[in-house]
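Here is what Swiss-Prot says about this protein:
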type    : residues           : note
BINDING : 122, 126, 127, 128 : (6S)-5,6,7,8-tetrahydrofolate binding site
SITE    : 230                : site 'Plays an important role in substrate specificity'
MOD_RES : 231                : N6-(pyridoxal phosphate)lysine
């Protein structure tokens with residue numbers, strides 16, 4: 001083995017090593033409030049960085065196209081079995097590289113190109129893969145969309161049913177990326193059955209809440225359920241498909257060889273670890289605390305005069321109308337970033353502003369909850385958000401808030417064993 005193979009990252013590539021160290025400090029010293037982000041455990045990090053990254057394993061356990069897959073089979077079977085146990089599903093495919101690829105494979109397992117799909121409009125909280133014209137879903141399928149009412153900013157299921165009757169979709173999609181309320185899965189299944197459609201639920205954002213019992217499960221109602229494995233589930237960035245046994249063969253063929261070649265065995269190992277963590281009793285407390293924190297934060301921001309889309313949240317996320325205060329979402333994102341609070345700009349329902357300068361911001365609580373923060377911290381964070389937005393053009397004020405944010409972050413330490421090298425670099 002060459003000497004280069006035994007070099008540390010810092011020795012082999014100091015530029016990448018420095019970027020990682022700086023990212024470690026960024027994550028520790030700030031408040032991560034992007035709703036789709038979280039912090040994985042040390043065990044998940046170790047599995048994701050394991051020697052399984054070297055292994056090719058096309059096919060499925062016991063049916064591989066390569067030799068030497070006996071231990072790859074072990075971790076994939078562990079991941080599949082744990083996913084089924086966690087969500088009460090009959091079948092699980094843990095090979096999708098991402099939520100988008102999970103959706104693509106799931107769609108192609110039950111419908112054909114040119115068929116009609118009915119999903120939540122992206123502008124009302126849906127996702128690109130639910131029918132956006134620039135996405136594969138909008139190019140391969142005929143797209144119909146449902147949205148939220150203008151007065152309540154929640155889904156009108158009578159209107160959804162009327163659209164389904166009119167459009168006759170082959171598949172109805174539940175789930176989204178910026179909808180703060182619980183979907184009525186039972187009603188959606190009734191509508192799907194009425195028009196002869198499949199019901200697919202994309203629970204990427206709230207899968208961890210489902211796993212922890214803090215959110216109703218779509219599994220008993222949907223023909224197929226897809227999800228990412230990060231976000232509230234607190235695993236590696238990847239995908240997962242759950243389905244009834246009758247769809248298992250079609251789903252598996254659609255993933256491999258339909259969408260992908262070899263799976264990422266090191267990521268399947270990390271998924272297995274994350275699923276085991278989510279099966280532990282303390283994960284239920286974690287999931288409920290995410291929701292409690294989100295509600296406390298939304299209430300605190302509302303108390304400061306900010307309009308919360310739909311009036312609140314039932315999940316881990318909320319949308320804030322900052323344009324009502326004369327602030328663009330892009331301006332709010334930038335100001336909060338300078339204050340050490342990471343959020344993302346986001347359109348709100350019936351937004352008249354362009355996508356890159358929308359009227360809202362999206363905020364989530366999974367990552368802060370992972371660090372151990374609770375309702376008291378949410379109230380303080382709300383005050384910082386309000387102050388940063390009010391003083392968005394005052395660099396010294398934003399810097400002062402950032403200092404206070406870092407003081408709080410230090411009370412909830414993150415990745416201490418990694419920070420040793422990062423802090424040495426900073427010195």
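Backbone N, Cα and C atoms are what each Cβ position is placed from, and that goes for glycine too.
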* Asked: Can you list, in sequence order, the residues of the same chain other than 122, 126, 127, 128 whose CB lies within 8 Å of the CB centroid of the (6S)-5,6,7,8-tetrahydrofolate site?
  -> 119, 120, 121, 129, 130, 131, 132, 135, 176, 177
* Asked: Counting every protein chain present, what is the number of Cβ atoms, excluding its own, within 10 Å of the Cβ of residue 127 ((6S)-5,6,7,8-tetrahydrofolate binding site)?
  -> 24
* Asked: Using Cα coordinates, what distance in whole Å links residue 128 ((6S)-5,6,7,8-tetrahydrofolate binding site) and residue 230 (site 'Plays an important role in substrate specificity')?
  -> 18
* Structure fact -> So the residue listed as 'N6-(pyridoxal phosphate)lysine', by the Cβ count within 10 Å over all chains shown, scores 28
* Of 122, 128, which of the binding-site residues has the most Cβ neighbours inside 10 Å? -> 122
* **residue 231 (N6-(pyridoxal phosphate)lysine) and residue 127 ((6S)-5,6,7,8-tetrahydrofolate binding site), Cα-Cα, nearest whole angstrom** => 15
* Asked: Which residues in the same chain, at least 6 apart in sequence, have a Cβ under 8 Å from the Cβ of residue 230 (site 'Plays an important role in substrate specificity')?
  -> 36, 37, 38, 40, 236, 237, 238
* To do: Please report how many Å separate the Cα atom of residue 126 ((6S)-5,6,7,8-tetrahydrofolate binding site) from that of residue 231 (N6-(pyridoxal phosphate)lysine), as a whole number.
  => 16
* **Distance from residue 231 (N6-(pyridoxal phosphate)lysine) back to residue 122 ((6S)-5,6,7,8-tetrahydrofolate binding site), taken between C-alpha atoms, in Å** => 19
